[in-house]
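A.B. asks: So TrEMBL lists these for the protein:
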TRANSMEM  95-120  transmembrane segment
TRANSMEM  179-203  transmembrane segment
TRANSMEM  257-276  transmembrane segment
TRANSMEM  288-305  transmembrane segment
TRANSMEM  333-352  transmembrane segment
TRANSMEM  373-392  transmembrane segment
TRANSMEM  404-424  transmembrane segment
TRANSMEM  473-499  transmembrane segment
DOMAIN    519-653  domain 'STAS'
REGION    609-628  region 'Disordered'
Amino acid sequence: MGVPSSGEFCVQRKVLADSALDELGRRRTHSTKPPLAQRVKDSLRCSVPGLKRAVLKWVPVLSWLPQYSIRENAVGDIVSGLSVGIMHLPQGMAYALLASLTPVFGLYTSLFPVMIYFIFGTSRHISIGTFAVVSIMVGSVTEKFGPDSNFVVGGNGTNGTAVVDIDARDAYRVQISCALTAVVGVLQILFGLVRFGFVVTYLSEPLVRGYTTAVAVQVLLSQLKYVVGVHTTRFTGPLSQVYTLIDLCSLLPKTNIATLVISIVALFVLILVKELNTYYRKKLPMSIPIELIVLIVATIISYFAKFRTHYGVDVVGAIPSGLKAPRVPDGNLFILVFPDAFAIVIVAYAISISISKTMALKHGYKVDSNQELVALGLSNVFGAFFQCYVVTASLSRSLVQESAGGKTQVAGVVSSIIVLITILKIGSLFAELPKAILATIVFVNLKGMFKQFNDIPLLWKSNKMDLMIWSVTWVATILLNLDIGLAVAVVFSMLTVIFRIQLPRYSILGHVPGTELYVDMDAKLIPGVTIFRSSATICYTNAEMYLEALQEKVCVCVRKLIEQNPSVKKKGKKHQTVLVSPTEVGPVYGGFDGQVNSAYQMDPEVSDACPADDDNSARENGGVKTEERHRTHSVILDLSTTSFVDTVTAKTLNNQLKRAGIFSESILLNNLFVTVHDAVLHTLERQAQKNVSQVGTPLLKGPSSVFLIHS
């Protein structure tokens, strides 16, 4: 092969059938892995090097912490850890409200699981802890099994004298969240051990983005009550978001003006400073911690202005100082929350692994998807004993950790220290913090997810099937709630794959003059040769359709050939054919002489619209006379897009092609070629030889040869 400086290439070789390729080079026809029994035996064999590899694999911190460079990494990790720790405080408290828990449990969730991930995680840059999407999913479970109606004391609901025992309700919801977190953690560990990390590949990007956008809408609806200062009825199940919106609109006349003003001012300040952080991110040594500043200022103002007593503003309330003793989750609740745990397992892992792989790709290292499942699972199981709820990676905190110079998960340890100090000494000072402030912090952090609405016009232009997946996911999640919505989205996404296989795009390929390329464009068709391609794998579901499309496309090929050749004169239903020699289709066909009969006679059972020809006149070209009928003498099946062929398909193709009269001889190994170009060269040379030997003899009806192209 020569490679000229102009970027062109030139290859000179013989036409390669599949058997010839086997002679040139050995192809691997079997797996290089040892047998399963041998692999099991090796895995059970105990040795010191094997034990060391296993420990380093399952406890990654032991592989990188001894090599930690204080000079290169310490400063960046400390600065980024401080930045992320400052973000953990407002986000942990705010997202706990999404989980229908008191704010202190958001702080617990920002502490214990982070320490466990430091030991077992493989990503260097993600920030584990609370996240809006997972928090609202946990909240839907805690509200479903711990509704206000189960804790009514005194009076009754009909005359408005009913009172909800808030303390008992919140305590039971903590038990539910701990049980849910433990179940989620165990499932994640099991999935990681059986190497089930590939499951997220079934969640396409449009599905994930449509789902998270719908979750953002649900988060918005759940927090609006804190912004306007009203108490709405809690709804669960399908259409709960519709009922919530209707109830919220009916309560708007009762809006607490002081709460609304606080929310508007906080939103304005948060949005303004965050935009300034974005605009001047290259000039600022670190982002302005506006969330923490707003938290502190709002608490001070609320305390001295007595917002709760004078204006009826809803505040966080007492936050206990110190850490609680570990407690075993209630095992009686495991079965209750088990069905809801599956959706949370998938979503939490999908979010975490997508952020992890993005960071790893940017910084040139790899993350182990199965070890990430185990790390998340251990973080959740351990956290469940300390009254934490389900954790995952946060995109906003991970970006801050990476941009602030974080190099390893030591930054996570530093952030945990900040959270620990807050829990032990500072947390109780936030008792007078208005809940509206936490709601506005949630709103501002949803900006990235709301930007995903821009996917709609982009997908409309690029891929309407992906737009359907995005739209169905969004609508199903909004109307049917998070768990059912995710199930519907996955099923619909899988159905689109089935539809694409069942209804592929069939095409006839033409030759690009002067090249070895064959494309489905207005390229030059080769008379007498039909090159047929399917865009999908041929299997038992579409084998019959494949054959029908093949017969139809052969007919279309003849009509297009007539249109492309002006020398073909139409006379009613009679046409004169064009004889093409290999040298006429470009220099790549050089190497032999002769004419190709491109006559074609269509089977009347296929289509009456195909050209028929009763003209038996002859034409002389290059000294060789051949009978002229419109006839496809060879069909080339391009199977390069076919990844597998099942037995049903093989039998169907064999039987149906024979029944349709396409076969006049069996397809041998020599009829299997490595490229379309090889098959075309072979059939042109072969037909030229037949034309010379069959002058004056009747031609058979239908193609006489079928050639296969494998990938």
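In case you wondered, yes, glycine gets a Cβ from its N, Cα and C as well.
Worth saying up front: this structure is predicted, and the values here are computed from it rather than measured.
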A.B. asks: Please indicate, using numbers and ranges, the residues of the same chain that are 6 or more beyond the transmembrane segment (404-424) and have a C-beta under 8 Å from a C-beta there.
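C.D. replies: Long-range Cβ neighbours of the transmembrane segment (404-424): 61, 64, 68, 72-86, 88-89, 92, 104, 107-108, 110-111, 114-115, 117-118, 121, 123-125, 127-128, 286-287, 321-323.
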A.B. asks: Counting CB pairs under 8 Å, which listed stretch among 179-203, 257-276, 333-352, 373-392, 473-499 touches the transmembrane segment (288-305) the most?
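C.D. replies: Most contacts with the transmembrane segment (288-305): 257-276.
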A.B. asks: Decide whether the stretches the transmembrane segment (333-352) and the transmembrane segment (373-392) have at least 3 CB pairs under 8 angstroms, with pairs required to be 6 or more apart in sequence.
C.D. replies: yes
A.B. asks: With the transmembrane segment (179-203) as the reference, which stretch in 257-276, 373-392, 473-499 has the largest tally of C-beta pairs below 8 Å?
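C.D. replies: Per the Cβ count, the answer is 373-392.
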A.B. asks: Within the same chain, where does the transmembrane segment (257-276) have neighbours whose Cβ lies under 8 angstroms from its own Cβ atoms, ignoring anything closer than 6 residues to its ends? I mean 6 or more beyond.
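C.D. replies: Counting only partners 6 or more residues beyond its ends, the transmembrane segment (257-276) has Cβ contacts under 8 Å with 226-229, 288, 290-291, 294, 298, 307, 311-314, 434, 436-437, 439-441, 443-444.
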A.B. asks: If you average pLDDT over the domain 'STAS' (519-653), what do you get?
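C.D. replies: Across the domain 'STAS' (519-653), the average pLDDT comes out at 60.
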